[in-house]
Amino acid sequence: MEDNKMVAGKVKKPGKRGRKPAKIDLKAKLERSRQSARECRARKKLRYQYLEELVSSKERAICALREELEMYKQWCSAMDQGKIPSEIKALLTGDEQKIPQSASSTKASKNGKNSSAQS
């Protein structure tokens, strides 16, 4: 019983669970609370930044897909009128070199270069 301590008349064994003494420094407790709040706000800010970047990238992808869809609609409209867009002609004949690089990807619709191919 050499390791035991006397606390308030009771024998307390080391390593036992229980309530900590009420002598916790109030200033230290407040500072820990403030630090925890600062860290929480920083984590929240990072989480919101990540989510905003994710939303932004998804919106860009949606815009690119809409532009690609519009390009295909225009091609279909032109084919309904009996016109064959030059990009499709090149694909059908196998002349990949004749296709403008911008028209063969979704970036073409962003640059507006595919509008001349429909006439």
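Yeah, the Cβs are placed from backbone N, Cα and C, and that goes for glycine too.
Over in TrEMBL, the protein carries these features:
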type	residues	note
COMPBIAS	10-21	compositional bias 'Basic residues'
COMPBIAS	99-119	compositional bias 'Polar residues'
DOMAIN	26-75	domain 'BZIP'
REGION	1-24	region 'Disordered'
REGION	93-119	region 'Disordered'
Could you give me the DSSP helix, strand and coil counts for the domain 'BZIP' (26-75)?
50 helix, 0 strand, 0 coil
Pop the mean pLDDT for the domain 'BZIP' (26-75) in here, whole number is fine.
96
